[in-house]
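Annotated domain 'Heme-copper oxidase subunit III family profile' per TrEMBL: B:4-261, in sequence order. For B:16-35, B:41-58, B:79-102, B:159-177, B:197-220, B:240-260, the entry in TrEMBL reads transmembrane segment.
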Amino acid sequence: VYCLFQALRQISQRTISTASRRLVNRVSENQKLFQEDNGLPVHLKGGAKDSLLYRTTAGLTLFGTMYAVYYLLVSSMPKKPN
Amino acid sequence: MALQAHSYHMVDPSPWPILGAAAALLTTSGLTMWFHYNSPRLLILGLISTALVMFQWWRDIVRESTFQGHHTPTVQKGLRYGMALFITSEAFFFLGFFWAFFHSSLAPTPELGGQWPPVGIKPLNPMEVPLLNTTILLASGITVTWAHHSITEANRKQAIQALLLTVLLGLYFTALQAMEYYEAPFSIADGVYGSTFFVATGFHGLHVIIGTMFLLVCLLRLIKYHFTSSHHFGFEAAAWYWHFVDVVWLFLYISIYWWGS
């Protein structure tokens, strides 16, 4: 079992060091992007993906709110007996 | 670009607070639709919109802090107060469930057979999986502290290892607890024993999952070089939350699992 544990340790250490070698520090690039003087609010400042995600979220939430209010009205009305 | 003569953060207008409130409306009314009309559609919509809002709101906070530099020491102080107050409110939340447990267990009614555990209930052995879970959480408290020290000492490799180990321990706890839930000889419907057991440990388990996700996000940010050795409050907040989760478990273990068996 100890050999297995050592093997796992070696693999995870190599994986972590490989992954961190592939990962370059992009913080300064992002700092430049998000400090650009373009008047965009932070939730849209990342580009087109931001707008897509925002519109999807707002759309789902708005639709859901209307759906919820509709069912609230339906369930608060008395059922008509036949 | 306007300059400010103060050290506070005047945030950009954001849609997330109101969309978050709407998502909460969908989730709660969705629960009602599911309970009373057997339709999970609204609940699913609520959970998805809640997740989307959470992702984007916290993404924006990372942008405002790490990329725009708005988290001055003054702002950080406010965030510390905020996190401390939030954790305190969670402590009171759990206090209520502990109150319920002691209310029923200190003076067991005749309907329970005048004893605790009640007649017919076979409690879980506290020396088996629950004890393992205790050691797992205690170990994870050590590894998260190791991670913190590694961050302050700018030891990137060890910080990643320690935080990864913490996340793995959290996942291990959750997996074991899920298995315990499945295998338990009693259910939530088994009187007040079942109710107090599953509601208290269930909310705790939910907090373990939340804490694990918070730590995972910190791990990803750590890998992406977001933290510096002197400024890493997101990680500290996650660590505080994790220690809180650990302490709640210790109380649960001692009172419900051990004393209550």
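Each residue, glycine too, has its Cβ placed from N, Cα and C.
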CB contact flag for the transmembrane segment (B:197-220) and the transmembrane segment (B:16-35), at least three pairs under 8 A: no
Leading contact stretch, B:16-35, B:79-102, B:159-177 vs the transmembrane segment (B:240-260) - CB distance under 8 Å: B:79-102
Surrounding residues of the transmembrane segment (B:16-35) on its own chain - C-beta under 8 Å, 6+ positions past either end: 41-47, 49-50, 52-54, 56-57, 60
